[in-house]
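Have a look at the structure below, then the notes.
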Amino acid sequence: MANYKKPRFKDAAFKRFLSVVLGTLLLVSLLVVSLGTNATPGSSGLDEDLSESVVNIQSFREKLNLPKENDFSIRLEKQNRLPPRNIDLYPRLAKDHITIVLYVHNRPQYLRVVVNSLSKVVGISETLLIVSHDGYFEEMNKIVEGIKFCRLKQIFAPYSPHVFTDSFPGVSSKDCQEKDEAGKKHCVGYPDQYGNHRSPNIVSLKHHWWWMMNTVWDGLKETRGHDGHILFIEEDHFIYPNAYRNLQLLVSLKPNKCPDCYAANLAPCDVNLRGEGWNSLVAERMGNVGYAFNRTVWRKIHGKAKEFCFFDDYNWDITMWATVYPSFGSPVYTLRGPRTSAVHFGKCGLHQGQGKTNACIDNGSVNIQVDDIDKVANIRPEWDVKVYQNQPGYKAGFKGWGGWGDNRDHRLCLNFAQMYH
């Protein structure tokens, strides 16, 4: 028996050794192939080191049935995973910092104004600024890359219609146009409630906002563990020097002064107003200029993905006001100061005013008066709260302005909600 077992033991040991060697060689081969595949050369301003692997992009697409990505969209996915810029200049973020997200489209004249205003904000160097691009535009990218006043991270919507030039979510030759009847024209598409087919440039607005929210809260390693407030601003929002300090005060006061408030705002919900000038805080309907909320509120919003994705209106804010917020079951208030800390100065749509003309800005510039009171925090903790009730605006039951009737957009929107879950 002893003479029989010994050869068998040697043989088994040799087989195990051979398996280890072969397995190691296989892993090395796969690693070499992987590195060769991921080393995509940069172009058009994306000449960064993009060899960082993108985690499960292929499996995400197959599982969620996302549109088939092209080379450019894959490059943008990789770009989104690069570390923030300016870490050498700002190695530490303030412990109580409020992350700022600036979402932009393609209005470089506007972007220069908001970037210049942000550079003068007191406390801006303490925080992280995330710029979310709707697709990729070289001039917009160059402006953002020039930011040196804080830690900066850029993300690019990889499923923007501006990235897909000949297929959904962009437009293809088979898509129905305007009020085409699909059966007669043998085209592809589903009209909105008014009989109009999708316009990629228009639906892009809602897609970008929803993709950005899901990515910032649940996708980015820099923010997915952040439970505090995040401030959201747009490329046509002029930010006053006291905005960040005022926001910190509002966030700290909100639990006691307005425990039912969902958010804090830098500006009145009526973008034409500059504030009442009272010696009191104001609670009103959440505005779309300089709004900030925390992860608890995001979870409530995310839980209403179907309401958001199926409401026939291409505007994200109107969708929120008309169907998402009313579904919470109680009024959705935001807390703000009696004097604005941000101003909406835009005079044209998000996809107008591109190029080198100054059509969207009077005389090629924006003249917004900044007084001394706007340069320092001007909110007082001892103030009471004035509550605006029964405010005008979009209510539950409003059917929407349309532009969002294609079920392909509905599915893509729902996929964004599941992308990181």
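Cβ atoms here come from the backbone N, Cα and C positions, even for glycine.
Here is what TrEMBL records for this protein:
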type     : residues   : note
BINDING  : D134       : substrate binding site
BINDING  : D236, H344 : Mn(2+) binding site
DISULFID : C176-C187  : disulfide bond
DISULFID : C258-C261  : disulfide bond
DISULFID : C309-C413  : disulfide bond
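Where TrEMBL records a feature, it is marked here on the structure.
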residue	record	contacts (Cβ under 8 Å, 6+ apart)
C176	disulfide bond	A182, K185, C187, V188, G189, P191, H197
D236	Mn(2+) binding site	R107, Y110, V113, V114, H344, F345, G346
C258	disulfide bond	L281, A283, Y333, L335, V385
C261	disulfide bond	K254, A283, Y333, T334, L335
C309	disulfide bond	W210, H410, C413, L414, A417
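Ranked by how many other Cβ atoms sit within 10 Å of their Cβ, the disulfide-bonded residues C187, C413 place C187 at the bottom. Note on H344 (Mn(2+) binding site): other Cβ atoms within 10 Å of its Cβ, all shown chains, come to 18. Counting every protein chain shown, the Cβ of D134 (substrate binding site) has 27 other Cβ atoms within 10 Å.
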